[in-house]
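Engineer: My questions all concern the structure below.
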């Protein structure tokens, strides 16, 4: 049952996780972690896509071709592929606070180094290293998943990630203004764009410092180091079984694939939209940046509403409802991406369709992380890292194939046609959602396996020796909370049995295992 302790102005579940997301509060540890996670993620987006915001200026100063600008964009999203996988393991070991601070501090020098680039090679290299900071996404989702109850974790994850993703739009608005302000102050244009990168670089250091000073890893109010000293966090066991649980679960790979064509599509648009509007419609940089920013800024509500819709649909329809709404929403996003490429002769139509496209695309991103926490309790960080990396892989492949164009293996299309085929690809690959099946909840088209309960699914991640040591207890508490994913029909049956009986069943199963 939910409890309200004196020091928390909101209800907690049996794991000490918040059952609400009061975004106006900064209460330790739940809401402070929430705000620190999305702010760090926001800044990683600002810095990663700041070069795309100034692409026309940088392109002219460094004498880059459009193909080279596109390939540099590919390098930016490639940087985070391995970084996200590594960060998933890292946060499972040391906690999200150190993970977030490390991501920011280790990539801040690369942001400053953008002022030193001289040609395509150095430009692409620096974008690669700045892009490593996008692994902040894993810290963001892991931290929120640690702090919020399973019934609202989709909402919490989606709001935090959505507000973080806004950085991809905000930079298109902010960076041209910073550049123009420096230039108006008397600095030559070829120097002004370089000076502009000292702003996000400095903010990286500030946000990392605040994370170390104010962040707390765990709902108990303690960090991972203290919990390990007490023995509370030995429940993770050895690292290899954790990695095996995450990478050995086929659901992780399907979600990584489909996330590559929601978040991956979003990253691709963030990389190309300003240059597209600048070239296609003859706009100046400030106007192209402001209009391009709209796509990313829709994250202020769109990704959050995706998580909310996923959580709401799960109440009557359970996990099967989450899967259905993800497939429908992401398919609609792909369809509107196709339409956007077809209306390239009209700026007004392009912007209107872009807004609709962005809403569905970003809602699908949020819906993915309404499902991800249930794939594996023991390897939540690894699964988050793999799914997050899938977003970057999708972006790298999509941009390399459709938007970078002059190599023999690349397809040389007009930019409008590139949007069309990106949408077709997204619609086709989203079909993979239909193959996700949980034995205790079912899939889009099939029901659960008779007699299988949540405890069975999460207990299989632990060996008999680990169960004997009691290392599985956290997973059993999570299994009990996750019974809410059955939907109304099974939930009424659960209510009839009662929480106590469910806890007894879990204890018996843990003993006999």
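Backbone N, Cα and C atoms are what each Cβ position is placed from, and that goes for glycine too.
According to Swiss-Prot, the protein carries these features:
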- 38-58: transmembrane segment (TRANSMEM)
- 74-94: transmembrane segment (TRANSMEM)
- 98-118: transmembrane segment (TRANSMEM)
- 128-148: transmembrane segment (TRANSMEM)
- 158-178: transmembrane segment (TRANSMEM)
- 196-216: transmembrane segment (TRANSMEM)
- 247-265: transmembrane segment (TRANSMEM)
- 281-301: transmembrane segment (TRANSMEM)
- 323-343: transmembrane segment (TRANSMEM)
- 351-371: transmembrane segment (TRANSMEM)
- 383-403: transmembrane segment (TRANSMEM)
- 419-439: transmembrane segment (TRANSMEM)
Engineer: For the transmembrane segment (383-403), which partner among 98-118, 128-148, 351-371 gives the most CB pairs under 8 Å?
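Structural biologist: Maximum Cβ contact count belongs to 128-148.
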Engineer: May I ask whether the transmembrane segment (247-265) has at least three C-beta pairs under 8 Å with the transmembrane segment (323-343), counting pairs 6 or more apart in sequence?
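Structural biologist: When sequence-distant Cβ pairs are counted, the transmembrane segment (247-265) touches the transmembrane segment (323-343), since at least 3 lie under 8 Å.
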Engineer: Between the transmembrane segment (196-216) and the transmembrane segment (98-118), are there three or more C-beta pairs closer than 8 Å, counting only pairs 6 or more apart along the chain?
Structural biologist: yes
Engineer: Do any residues, 6 or more residues outside the transmembrane segment (38-58), come within under 8 Å Cβ-to-Cβ of it, and if so which ones?
Structural biologist: 64, 69, 72-73, 76, 100, 103-104, 107, 111, 114, 123, 127, 130-131, 133-134, 136-137, 139-140, 159-161, 163-168, 170-172, 174-176, 179, 189, 193, 196-197, 200-201, 203-204, 207-208, 211, 270-272, 274-275, 278, 285, 288-289, 292, 296
Engineer: Is the transmembrane segment (351-371) packed against any residues at least 6 beyond its ends, judged by a Cβ distance under 8 Å, and which are they?
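Structural biologist: Apart from its flanks, the transmembrane segment (351-371) reaches 141, 153-155, 157-158, 161-162, 165, 255, 258-259, 262-263, 265-266, 269, 273, 291, 294-296, 298-299, 302-311, 314, 319, 322-323, 325-326, 329-330, 332-333, 336-337, 339-340, 343, 384, 387, 391, 436.
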